[in-house]
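Annotated features in TrEMBL:
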type     : residues                                         : note
ACT_SITE : 253                                              : active site, proton acceptor
BINDING  : 79-81, 108, 129, 157, 229, 251, 284-288, 307-308 : FMN binding site
BINDING  : 131, 166, 253, 256                               : glyoxylate binding site
DOMAIN   : 1-358                                            : domain 'FMN hydroxy acid dehydrogenase'
């Protein structure tokens, strides 16, 4: 009998063994040479924690507030597509595990369970991720469904005017299932003779004309707060403030879009300094340890999103696997806080982390 995983990275191998190669490659792969995919994780290793000692840490608390909602930890489940390829219960299992752990799940626009199935599966705070299609009435319809079913925010992904070149999917001729959310609206059946049907589908439906002025359109069709996911620069952070978004998610799409874009932890501080606390800055990309979460919080993120590790936990052991991944990260964060002299999330400050992107940081301070 194999030993139980002792950290979230060990779930990746369990997922590899559990899944067909096509599906494992779909979840694990990045764009082109996968340089950014590797850097998202490695960049954390170049940041060091500066612990404070002789502080009473007999009581520690990882709870926090995200967009006004109390959660057990500054951890969110990132929007990741098609969970039923990992486990038959799909996003419903992920939603239940997230609810049990009292963390916010962001449901993917490309979910294999319907908005209604996820909403009715358990009582929890959930956000909804959005892509904007050329047929904008489809995107608007999905926003309205999410709002009607109790989702609390819209996360607009803004880094996907076209799909990045994901070579494992092309080699495998990746075939995605018809998504139940879009039955009667649009078909995902595409010719895969030249590669993945994901790429063919995306090129046919994604609205490459989406631009800053369209944030106003989205805000006009929903009463929910709108956050944008995919910001990597100071300039775009400032533009986001101008158009009135409710929050920013620093993300490079899990390194699945533009290879050689920067590791997200390397540009987090640039965005945080630009925003100056006016709206929340969340973080996505490469988190594999509680120490990674601590570092992102020290640099200025309000919370982090977890993507691939959740999928690997789901593939390995369904709802229980997702719960294990979330709780491992929570436990590691709590230990890191205690060993760093932080009793609460609010105690974590920039002084607890070695300087990263110092040139960018001081450029905005001059």
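Placement of Cβ uses the backbone N, Cα and C atoms for every residue, glycine included.
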Legend entry - Residues 131, 166, 253, 256 [recorded glyoxylate binders]: greatest CA to CA distance in Å: 18
Inset, instruction - Between the Cα atoms of the residue listed as 'active site, proton acceptor' and residue 284 (FMN binding site), find the distance and write it as a whole number of Å. - result: 8
Inset, instruction - Would you mind reading off the Cα separation of residue 308 (FMN binding site) from residue 256 (glyoxylate binding site), to the nearest angstrom? - result: 12
Inset, instruction - Pop the Cα-Cα gap between residue 131 (glyoxylate binding site) and residue 79 (FMN binding site) into the table, whole Å please. - result: 11
Legend entry - Top Cα neighbour of residue 288 (FMN binding site) in the set of binding-site residues 131, 166, 256: 256
Inset, instruction - Compute the C-alpha separation of residue 256 (glyoxylate binding site) from residue 129 (FMN binding site), stating it in Å without decimals. - result: 16
Legend entry - Residues near residue 286 (FMN binding site) in space but at least six apart in sequence (CB under 8 A): 39, 40, 41, 43, 44, 263, 264, 265, 292
Legend entry - Cβ atoms near residue 288 (FMN binding site) (within 10 Å, other residues, all chains): 19
Inset, instruction - Round to a whole number and give the Cα-to-Cα distance in Å for the pair residue 229 (FMN binding site) and residue 131 (glyoxylate binding site). - result: 11
Legend entry - Other CB atoms, at most 10 A from the CB of residue 79 (FMN binding site): 25
Legend entry - For the domain 'FMN hydroxy acid dehydrogenase' (1-358), the mean pLDDT of the predicted model: 94
Inset, instruction - Could you measure between residue 81 (FMN binding site) and residue 166 (glyoxylate binding site) for me? Cα positions, answer in whole angstrom. - result: 15
Inset, instruction - Provide, as an integer number of angstrom, the distance between the C-alpha atoms of residue 166 (glyoxylate binding site) and residue 129 (FMN binding site). - result: 21
Inset, instruction - Rounded to the nearest Å, what's the C-alpha distance separating residue 131 (glyoxylate binding site) and residue 284 (FMN binding site)? Just drop the number here, would you? - result: 17
